[in-house]
């Protein structure tokens, strides 16, 4: 046997090793149980891969990002095998890894029942213990069609070879190169137990799956299109250790308690009535108070920063979106047109920027007016697929705190710097403090404008982001078609990351709208345009804050800031007078004068997460005092009325959490 030379890469260390022809990646890392795959000259491979002369081989640990994807993808295969063993009529869809887990789609006669999921999980445990080997096999298109003749969805995927998309998970099954099938082989006999069309790579055996759990099932359209059949999707999660699985399940339990949809109902804040439609929320009085306070504070801060408020309609002629390019690039995300005025197409607006451009262009502009900062709480409508609509965080109708800044190229860097600083400070005012930044750059397949303009815009944004001394993460190809952007990513109280504000530099739309201002030398000049949404949308930010605070909003945002609780009927009038005085100071204070016993009143207000309970008994009435009871159950007694009012006002004005 001849020798081959390979380079083994571990972090920054490189080791050259001479091995015999036919040596596998598994042999290179023999005895290292945490290594479950290899990256060979940049491509992920199974450990069964035979290394070739001159290749660079990197170990893939099960706890790495690649390793977790492989673990979860292999677990999805085990789940699909279990389903077909229990439900032989089930037809296979797609089963990719996703964030923190995996799913697989099945065409079955009836939806899965919770008891079915228990049976499937038990069968998966049996398969895991069998230690079946994952074995890769290259097949021709014709052979694949013959082998998978009873799997109609797999046959469709074979036809996508070379054009499969990551959007629907199809690219985990077929790529641009050779077709492969993964066989699950009996550990002792090598006999075929199950197989699936798949690109891989996979774990060496099913025994390499340390910990998993099935989470739920849901309906899902085949490949995400509502024109396709409805399938049944089972979601699961898999982790390198049982302790990590336990920690993840505890995290999910905490996240479920904080789910804004659950809290929205329990606290009577908002609802999404079926009669109105999916993704279209209505805010109840208490939710309306929170939203109004959020908007009022944002409006005041924007005025202080030199923004000018504008208002635009909800619908427009389609010609406007032809000019902006949205009909070329964004039509799938828009509601269908309404034909009015003898066949003229009108659209609900998905974005505010084209209308703001018309405001800029309504009259001649001078360089002395720049930067011009136009701001609007603008409601937009986007046709999100039903499968991705999620409460207030992914809606079909929502209001953006949308600003468009027009400036000279010389002002561009300073304006971006001011904008990002303003954005971060305003988010901190609402109680978010843990950030990192993401820089989204050009998608080579989907952009307008010149390469030079994109390069200039991207480099300017990079420099502005780096000034903030926050972590900066690259998002290659993630920008919208009209310009690169900075996204502010915020971590909430339980460590989840939310994309919040976006700041997008745009050299394209001023060209499309022929926007001009008169420069100091009298020349007509194109302005630079900056898109900026701080909350993203009011609805989404409302949901993020609700989950961040687990419904216990800080007093300045709470719909009811304090509730008076009388020890007895004789104390109601005293509390009503206190509440009236508090309301005159701008506080939101109620009195619970119901016939319920005091302890029940306290429990009721605790469930409603009211920041302060104002308790009054005989001693308080005679001494001109009140007692504060806080959310954590602690109490402060005998506070003079004036001091109590002053404290409430101070806590609200300073936006302190209690």
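Here the Cβ of each residue, glycine as well, is placed from N, Cα and C on the backbone.
Features as listed in Swiss-Prot:
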| type | residues | note |
| --- | --- | --- |
| BINDING | 353, 404, 531 | Zn(2+) binding site |
| DOMAIN | 1-61 | domain 'TGS' |
| REGION | 259-554 | region 'Catalytic' |
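Between the binding-site residues 404, 531, 404 has the most other Cβ atoms inside 10 Å of its own Cβ, all protein chains included.
Using a 10 Å radius centred on the Cβ of residue 353 (Zn(2+) binding site) and all shown protein chains, the other Cβ atoms total 21. Summarising model confidence by region, the region 'Catalytic' (259-554) averages a pLDDT of 94. For the domain 'TGS' (1-61), residue counts in helix, strand and coil come to 4 helix, 33 strand, 24 coil, using DSSP. Annotated Zn(2+) site 353, 404, 531; additional same-chain residues within 8 Å of its Cβ mean position, judged by their own Cβ, are 351, 352, 356, 357, 402, 403, 504, 506, 509, 529, 530, 532.
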